[in-house]
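The feature oxalate binding site is assigned by TrEMBL to C:Asn71, C:His76, C:Glu81. Look at TrEMBL and you will find C:His74, C:His76, C:Glu81, C:His126 tagged as Mn(2+) binding site. Per TrEMBL, domain 'Cupin type-1' is recorded for C:27-181.
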6 protein chains.
Amino acid sequence: MNSPVRVNGFVCKNPLEVNADDFFKAANLDKPRVPNKVGSNVTLINVMQIAGLNTLGISIARIDYAPLGQNPPHTHPRATEILTVLEGTLYVGFVTSNQPAPNRNKFLSKVLNKGDVFVFPVGLIHFQFNPNPHQPAVAIAALSSQNPGAITIANAVFGSDPPISDDVLAKAFQVEKNTIDYLQD
Amino acid sequence: MNSPVRVNGFVCKNPLEVNADDFFKAANLDKPRVPNKVGSNVTLINVMQIAGLNTLGISIARIDYAPLGQNPPHTHPRATEILTVLEGTLYVGFVTSNQPAPNRNKFLSKVLNKGDVFVFPVGLIHFQFNPNPHQPAVAIAALSSQNPGAITIANAVFGSDPPISDDVLAKAFQVEKNTIDYLQD
Amino acid sequence: MNSPVRVNGFVCKNPLEVNADDFFKAANLDKPRVPNKVGSNVTLINVMQIAGLNTLGISIARIDYAPLGQNPPHTHPRATEILTVLEGTLYVGFVTSNQPAPNRNKFLSKVLNKGDVFVFPVGLIHFQFNPNPHQPAVAIAALSSQNPGAITIANAVFGSDPPISDDVLAKAFQVEKNTIDYLQD
Amino acid sequence: MNSPVRVNGFVCKNPLEVNADDFFKAANLDKPRVPNKVGSNVTLINVMQIAGLNTLGISIARIDYAPLGQNPPHTHPRATEILTVLEGTLYVGFVTSNQPAPNRNKFLSKVLNKGDVFVFPVGLIHFQFNPNPHQPAVAIAALSSQNPGAITIANAVFGSDPPISDDVLAKAFQVEKNTIDYLQD
Amino acid sequence: MNSPVRVNGFVCKNPLEVNADDFFKAANLDKPRVPNKVGSNVTLINVMQIAGLNTLGISIARIDYAPLGQNPPHTHPRATEILTVLEGTLYVGFVTSNQPAPNRNKFLSKVLNKGDVFVFPVGLIHFQFNPNPHQPAVAIAALSSQNPGAITIANAVFGSDPPISDDVLAKAFQVEKNTIDYLQD
Amino acid sequence: MNSPVRVNGFVCKNPLEVNADDFFKAANLDKPRVPNKVGSNVTLINVMQIAGLNTLGISIARIDYAPLGQNPPHTHPRATEILTVLEGTLYVGFVTSNQPAPNRNKFLSKVLNKGDVFVFPVGLIHFQFNPNPHQPAVAIAALSSQNPGAITIANAVFGSDPPISDDVLAKAFQVEKNTIDYLQD
């Protein structure tokens, strides 16, 4: 990890020293995680955890959803996502881009049961919501990049460091500044 | 345009019939446009306007900004953007993805004067704002796709068709449902 | 499905008619499958099952392993695979290519427990084996192509249609022709 | 700039130290440039000027044309170009490759006025000429690479260092050696 | 060949009807060809001759050189070329792009004997010349595209249809119009 | 070669020091090679021999075949191959992947004479065999990667280091363990 040699910003190992551990992670993806404040937890295994993934264009994640929890609206700037439900039920959807009507910002959604599969195309805003008030849900998702990135809309727009000016956001969202300030808290 | 043959969803022409007009658009990019409700107007010339762009991975746009107008927070799911200011001043920025602190949702911004150049990396949320209360601004932007797409955050999250459930959004943005309803109006 | 318009050989839909079902498959990935003669069963959800995956570069699979069953040595000509164990234990490995010694045809292997993650780089021969004589195992795997392909070595080399000449194979594997004939049965 | 770590030959920065200036250049693209001996001046902003462009696949340029000046026949080995006219008029064109007749070396040209857009496909020989004997012209061009390269035909063929043998060039251009020598001066 | 379905502009076959002939061409690459007026002949086997090459990114060519013949300065807009000499001797070279001095339009050349290998990077102007006044030469070249394209500089610049204006070319090559007219004949 | 700077794992040179030798190899591809135990010899010129090939996506090889010799069943994990016969006759073929019947593991083969061209698509198992008991054969092959890799099936499956368990292989190939042991010797 101290090597000065990097590809895509990640350390490269001498091929003579590569072994099975460079393609392995004891990731405990079978274990439930504690949900965050919106009721979900994403455990992503990407090139940061498995160095051998570099340049190979894929990563995998376990997602836990508390009852009524959600993986809130977000995008992956460099990956398409494919997801299957392991436990529970998920209400999922994505919004199309600013195409001409009638496709402008069309919201495509679906209720997924255990074993169903759904695709979120690269760069589109999407979310998953567990509609069950009593039972958690679990999904496995895969992403078409070893470093897909994730942008949670609420955090990036209303929680950046430093904050985006409330003047800008008030006009962008066509509301008063105090509404923006409330969202930024 | 009635041909059944398409690549990337766009009609392909018989190579024997290709001529200079397939690489040309009288786009009037020198002409000011009427700003929309947030004070901007994007005139994008992509593969929909110039069929010869198909597979070539680039497009160009003129952006007009009214005084205090903005091109509100948005992403391009399939393109990086590079922009130069033709007239006026712009305050621009983008927010990094959910990286580990201290890089988590870092807001990088800059004031651009005439002739300055700025880059918005693929898929990241960005905006441009004209801070001048009296003068309009104009920029030329180029995008690294013949069909970059654009997702205006406010419209996709709070203005989709049909709307995303206000239950989901209230939790995602950690506010009351009536705040979401107000944003959705 | 009768449209004459295809990209990558798959039918393209009019964007105006796209809906959530084009990104969805009721795949029953939660259900065990009957193992084949070597004790495994791969249920792959790719662009053949979800048309919306076309050009998006990812697919997902459930793999069932009987006690002592295996997903036998095979390659994916167009994809890297990342796998996590849902149930049971797997002994997995891949063989490196004809590099100079000491890396020539090096066999890298690992025992995976529930929740572990392993990567099989694009085009390399790999397998998974369930070493438990009493319990089945289950894995979810993702592949970096919407149409990864799979080549089971035993079938492609000794079970092709028509068969490869046993003269050729006897010399290739440095054994007598009757050994090849036995393998081809 | 002294870091030993490079991607694509360019220095990589520690992500923790990245800031807005890595995506910015005070390029003065609003300012006219002094034309060269054929009456033009290209100011290209690529990864050499903006380090953050690395791997992002785009660059931008201002081109100035003196009255009757030209950006002489050239190619970009790694990029398509899209151009719009800011000031004046341009006569532009490109030549198709050695396809079968009647498409063999077809010259496609167009007169562009202010606000028009034209595309020069990757690798094809193209030029822009200002036909106005009294007024300069200005264009903004974008290229689909962070390091597109440019090969001016006259300079590469007749002005290389060392020169290409006049024997070779005389036969290639089907003229006498003294014509080549004249061109090489 | 009458199918309306194309990828990259080429007809696609029903996978069920694909056979070995779709990957084969009786190309007679062992047979000498009659040289053209500059003393060479390129026999390229690309996706036009072998339909199965589509999307696979490679093609191959035999090149014949008469004594003192040449494959004149040209570029491949979409491919790097690698070449080996089968018979005779070749003097080969390419010119670098408009980089800052001392690399500006540097001419890199080499004399190749039988069995030697040389690389011409994508998009750069290059040529091969047979310096032997008595013996022909033969090379096999491979290109990193199923449809690499070729642009012979002399033909594209001075022999296009219609011709490029001699006013433009005179200034570009810094010579008198009658020299251009002579080159265009 | 001691530089700490690498791209794709290979040393990068300062552009100011690049010269023609970085694109050249005195490879002696005109010289016959001594065949290995299965009667062939592959002389591959890739990025290990020519540093300038890095990122350019192509390589070239001479293949010698003894009478009744073969280049045994193998795959290239990162390249399509195109081949032409220089001397003798070759019986060549490849096997399609596990597609639905009737295309499942279809063996497509062809007899090639001097000057014929054949294509082996990326990642598929293929071989070449010289059916002539008295005469050697020679081919030139090109591959669509500067580092295509090669996996000889017999060596990777039955000759890896350490060996794959004969339990696993016996079941995979549906034979007794002593047959596997015989193959592994």
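Yeah, the Cβs are placed from backbone N, Cα and C, and that goes for glycine too.
These numbers come from a predicted model, not from an experiment.
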Quick check: in three-state DSSP terms, what is C:His76 (oxalate binding site)? coil
Rounded to the nearest Å - Cα separation of C:Glu81 (oxalate binding site) and C:His74 (Mn(2+) binding site): 12
For oxalate, what surrounds C:Asn71, C:His76, C:Glu81 with a Cβ no more than 8 Å from their Cβ centroid? C:Val42, C:Ala61, C:His74, C:Thr75, C:Ala79, C:Leu83, C:Phe120, C:His126, C:Ala141, C:Leu143, C:Pro148, C:Ala150
Neighbours of C:His74, C:His76, C:Glu81, C:His126 excl. site residues, C-beta within 8 Å of centre, Mn(2+): C:Thr75, C:Ala79, C:Phe94, C:Phe120, C:Leu124, C:Ile125, C:Ala150
Reduced DSSP assignment, C:Asn71 (oxalate binding site): strand
Give the helix, strand or coil assignment DSSP yields for C:His126 (Mn(2+) binding site). strand
So C:His126 (Mn(2+) binding site), by the Cβ count within 10 Å over all chains shown, scores 23
One residue among the binding-site residues C:Asn71, C:His74, C:His76 has the fewest other C-beta atoms within 10 A of its C-beta, namely C:His74
Roughly how many Å separate the Cα of C:Asn71 (oxalate binding site) from that of C:His126 (Mn(2+) binding site), to the nearest whole number? 9
For C:His126 (Mn(2+) binding site) and C:His76 (oxalate binding site), what Cα-Cα distance in Å is obtained after rounding to a whole number? 9
Members of the binding-site residues set C:Asn71, C:His74, C:His76, C:Glu81 whose C-beta sits under 8 angstroms from chain D: none
Tell me whether C:Glu81 (oxalate binding site) sits in a helix, a strand or coil according to DSSP. strand
Measure the Cβ-based neighbour count of C:Glu81 (oxalate binding site), defined as the other Cβ atoms within 10 Å of its Cβ. 27
Any idea what the model's mean pLDDT is for the domain 'Cupin type-1' (C:27-181)? 96
